[in-house]
Each structure stands twice: as structure tokens, then as C-alpha cells.
Amino acid sequence: MVGLQPSERPPTTSVKFLAAGTAACFADLLTFPLDTAKVRLQIQGENQAALAARSAQYRGVLGTILTMVRTEGPRSLYSGLVAGLQRQMSFASIRIGLYDSVKQFYTPKGSDHSSIITRILAGCTTGAMAVTCAQPTDVVKIRFQASMHTGLGGNRKYSGTMDAYRTIAREEGVRGLWKGILPNITRNAIVNCGEMVTYDIIKEKLLDYHLLTDNFPCHFVSAFGAGFCATLVASPVDVVKTRYMNSPPGQYHSPFDCMLKMVTQEGPTAFYKGFTPSFLRLGSWNVVMFVTYEQMKRALMKVQMLRDSPF
């Protein structure tokens, strides 16, 4: 079947770390417009006065993308990409690259099988660790994605990615770069469990029952299932996180206040705003990322083995 075959030696932690960050950046490059559309749909309706002043209304994934291209230009779909890539190199490297190592750490000595609880603990741990390191990049990414640039008074607040870090720190304090870290930790712990644990289990069962071999089709099916589960369980927290991180100072007192206002003003369905682009983005992102990740691990191990070989 297509793809590199597994290496004789299991991949090292450093190989997984590098492969995860690189694969996540590649997945971001391909799916970033869907992520931007998701952010626009999630924040739509949170400020009715601002919404009424906008000429652009978003309806559905394709409608959002087409509206953005028409009113802001195609480059708007990739607004915040630099921060997004910075985020993945610091975020995915930890939550994906260290997952197996943390899973082994939680697995009791003498056991050759990791329980579901062990995998969930590993997913929560690496997800929380990754957010703690990458939170400022996520804040900047969302600020860029949420801002409209129409040329009709929609001037850019930030001249670039580094200017965004400096401006947020100057105007909102250093804490502004860590705004929404609690809902983000919650969201990414859930997403990481949904992604890594589901991928781990589906892949394991497909191989145990000899339904597929350890190659592209197996990785594709496992990644698609992981993307759906992650979107389903994490969407409510993701909407709250996006709105809170994008909000101006004083709009919400806390993530909990943001959640209450969403329920009272828009109803419980607001928690699943942007679900379709979330799934399209997370599902496609997972497929691209995990397939690339598996192949990169094998390629890097082959390079390492060739380098270590005396001949």
C-alpha cells in the first residue's frame, strides 16, 4: 500500500516531537480558511450593535468564505496564519509528540496495555501542557481571524504578528496574552482526549482485528473518527473560548459570564455555532495531520537509522 513502511525501531520522543509540529503546520496551511470561517461564525451574534453595523452577514461555511473573499479579499482567509503556525509548532509538538511518552508514564509497571483511563489522563495532561505554552499565539491568531478588513473604516489594528503581541501586552497587560486560558485548557484537554484517545483506540482495533494494515487507509479512518469525536465534545467550550479571547476588555467578566450571556441572549444552540466548519476543519485537519505525522515519523527514523549505520 502507499506510504513508508514502519521502521524496525520505534520512533524516539524527539522524532515524534518534530514530526508532530511539522505535520500540524502542514495541516494548518491546507485547512486554515475553514478555521477562519469557524471563528467568524462563532462570534457572529455576540454583539448585536456591532453586528447591525456590519454589511457582511455569514451564512454557512461556504457562504462565510465567499462573503469574506468578496468583501475583504482572499487573503482574509489566511489572516493570522503566522500566529497559527507558531501555535502549532509549540502546541502540537507537545500535545501530540509527547502523548505516547506520557501514556507510558501513566501505564502501571509490568502492564503491556494502556487502559482507556490511562489514555484519557495522557490526553488531558499533554493538552493542558500544550495550551500553557502556546496560549499567546492562540490569542493573536483569533484576534486576526476575527477582525474585518473591508477598507471602509475596517483598518487593521495590528500591523503584523509581532506588533500584535506587543500591542496586546501594552494595552491589556501581559495577562491579555493569556486571556481565556482556563476555557482554552478545558477545550484542548477535551479535544486532545477526543483526538488522541479516539485515534489511538480506532487504530489499535483496526490492527488487532486485521481489518487494515498499519498504513494510509488505517490512519485515514482513525483520523476521521477522531476529528468527529473531538468536534462533538469540544464545540461548546470552543465557542466560549473564541468569544472570550476575542472580546474587548469589560465585555465579559469571566468565561462563565460569557457562557451565561450566550445562553440568555442566544439560547443553548449558540454553543454549537460554527459546528459544520469546526467539523470540516477538524476532520480534514486530523486526516492531513495524522497521515503526515505517521509518514514523517517513519521517514525521520529511516534517516536516523541510516545516519547511525556504520555502512
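Cβ atoms are placed via backbone N, Cα and C, with glycine included.
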Worksheet item: Are S7 and P108 on the same side of the membrane in Swiss-Prot?
Response: yes
Worksheet item: Out of 209-231, 278-300, which range is noted as region 'Purine nucleotide binding' by Swiss-Prot?
Response: 278-300
Worksheet item: What are the DSSP helix, strand and coil residue counts for the topological domain 'Mitochondrial intermembrane' (200-216)?
Response: 10 helix, 0 strand, 7 coil
Practice prompt. Look over the recorded stretches 11-32, 77-99, 120-136, 183-199, 217-236 and say which has the most C-beta pairs under 8 A to the transmembrane segment (271-293).
Written response: 217-236
